[in-house]
Amino acid sequence: MAVGNAFLSYFSTIYYISVAFLLNVTNSLVFRGGFRLPCLLIVGQLSLFTLLYFLSILFGFIHNRKKYLFMTNRLLLLMLFFFSMNLANMTALATLDDIVIFIGVRRTLCLFVLILEWSFQKKKPTSLVFFSVLCITLGALWSLLFRSKPFNFDGLLLVIFGNLCNAFYLIWIPFASENGVHGTVALTVSLSCWSLPLMIVIAFIQGEVSRLRVFMQNETVGTFWTAFGFSSVLGCFISHATYMNSIHNSPLTHSISGHIKDILIIIIGSWLGIGSLPSTREEQMGLALNILGGFLYVYAKYKETSRKAIMTSGVNAATPTSDKCTMEIKHTPL
């Protein structure tokens, strides 16, 4: 059982980092192709997921529709966090010309999550965890303050708002899923299907539909549509990957996973032409602080996991066999 839980924990982390990294790269390529319509890009991602859901019903893979397309008060609040997070982050990515600035501010998500966990869930972090998050946040702010290139301040505020919505989304997932009563796929389907109509309305209000017609008349490059299609496919998986990573790991671990993904984008994205490595000494110091904070957090979680494993094995060893049998008899349903 412990081996299975450990495997799910590691798999969820790698799964999320891979999908989120590829999605950020393809979204950046789409925006660089001139498609500055963030709402419609989200609509494309949600539409494909919703289409797969209805095709599953049509071909008989899903029999109980109510199990997947449901709505509760807790899920409604989660959907609003999900909707606001996606809209703010995608609009910020389209507004900020430099993805490195976007990533630098996004890395402060771990601070928002730590504060919310401490405030609402009463999860007081260890001193090492607190210091690691502090290093990550200071590194992000340091890189931003001493950034050599100018940036859009409105886009910066959108990223901060998106971080706040993302933190509430991660904290609220266990409550919205009713402690696992609603499965991973069911919750993902509900969020996508209920968010799609609202995102279409916002796209019409912002005039993105009319701008899409102009864009399609001028756009003839097949590479763009390939990136758009790939982005839509990855958008189907990102919600599922986020949910799995936050359920099988803590929300703070999930935010650190995003931090690792951001570092990969900075390094590999510079090779792909969608980002640039830090050029000044101040930017390099900020990136070094971020990496140091990530390593410190991994070490802190490793120590915490080892300590819990030792305590659990000690309790099991100290419990007599007769007491275990008595406990099993007491808890056996009649």
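Note that Cβ sites are derived from N, Cα and C of the backbone, with glycine treated the same way.
Any TrEMBL annotation is an automated prediction that lacks curation.
Annotation comment: TrEMBL describes 7-30 (among others) as transmembrane segment.
Long-range neighbours of the transmembrane segment (42-63) within the same chain, counting only residues 6 or more positions beyond its ends whose Cβ lies under 8 Å from a Cβ of the stretch, are 69, 86-87, 90, 188-189, 192-193, 195-196, 199-200, 203, 228, 231-236, 238-239. The transmembrane segment annotation in TrEMBL covers 42-63 (among others).
TrEMBL lists 75-93 (among others) with the feature transmembrane segment. Counting residues 6+ beyond its ends, the transmembrane segment (75-93) has Cβ neighbours under 8 Å at 24, 27-28, 31, 38-39, 41-42, 99, 102, 106, 155-156, 158-159, 161-162, 165-166, 168-169, 172-173, 176, 182, 187, 190-191, 194-195, 198-199, 202, 239 in the same chain.
The feature transmembrane segment is assigned by TrEMBL to 99-116 (among others).
Tertiary neighbourhood of the transmembrane segment (128-145): same-chain residues 100-101, 104-105, 107-108, 110-111, 114, 151, 252, 256, 259, 278, 282-283, 285-297, 299-301, 303, selected by CB-CB distance under 8 Å and a gap of 6+ residues from either end. The feature transmembrane segment is assigned by TrEMBL to 128-145 (among others).
Residues or ranges marked as transmembrane segment in TrEMBL: 151-172 (among others). Listed as Cβ neighbours of the transmembrane segment (151-172) (distance under 8 Å, sequence separation of 6 or more from its ends, same chain) are residues 74, 77-78, 81-82, 84-85, 88-89, 91-92, 95-98, 101-102, 105-106, 108-109, 112-113, 115-117, 120-121, 144, 242, 246, 251, 254-255.
Sequence annotations record features per position, and here TrEMBL assigns transmembrane segment to 184-205 (among others). Outside the transmembrane segment (184-205) by six or more residues, the chain places 37, 39-40, 42-43, 46-47, 49-50, 53, 67-71, 75, 78-79, 82-83, 86-87, 173, 176-177, 239-240, 243-244, 247 with a CB less than 8 A from a CB of the stretch.
Residues 12, 15-16, 19-20, 22-23, 26-27, 29-30, 33, 35, 41-42, 44-49, 52, 82, 170, 173, 177, 184-185, 187-188, 191-192, 219, 254 of the same chain lie 6+ residues outside the transmembrane segment (225-243) yet bring a C-beta within less than 8 angstroms of a C-beta in it. TrEMBL lists 225-243 (among others) with the feature transmembrane segment.
Sequence annotations record features per position, and here TrEMBL assigns transmembrane segment to 263-279 (among others).
Feature annotation from TrEMBL assigns transmembrane segment to 285-302 (among others).
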Could you pull out which residues elsewhere in the chain have a CB under 8 Å from any CB of the transmembrane segment (7-30), counting only those six or more residues past its ends?
41, 90, 93, 99, 224, 227-228, 230-231, 234-235, 237-238, 241-242, 244-245, 247-249, 253-254, 257-258, 260-261, 264-265, 268-269, 272, 274-275
